[in-house]
Amino acid sequence: KSGRKGNSRFSEGPEGNSQFSEGPSPERLRILRHHLHLRSRGWLQDPAGNWVKDGNAEFDSDEEEPPPLPPA
């Protein structure tokens, strides 16, 4: 046994882990919301990071590409 007592990131208390209490940046939130939007519309990311249609999802006949990331 290594003698470690849990994960120190979460055992330090609120003053010891300030980098985790602030949350994601506004830009990161914008990207995450777009990712969630695409997933909910039936798009999946392949291992290369490209968006591809989920074969089990229904799409409009004119929807060939995923919507782009909206401007900030």
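Backbone N, Cα and C define each Cβ position, glycine as well.
Automatic, uncurated: that is what TrEMBL annotation is.
Record features, source TrEMBL:
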| type | residues | note |
| --- | --- | --- |
| COMPBIAS | 57-66 | compositional bias 'Acidic residues' |
| DOMAIN | 25-71 | domain 'Sodium channel modifier 1 acidic C-terminal' |
| REGION | 1-28 | region 'Disordered' |
| REGION | 42-72 | region 'Disordered' |
Q: Could you give me the DSSP helix, strand and coil counts for the region 'Disordered' (42-72)?
A: 0 helix, 6 strand, 25 coil
Q: Mind looking up the mean pLDDT for the domain 'Sodium channel modifier 1 acidic C-terminal' (25-71) in the predicted model?
A: 92
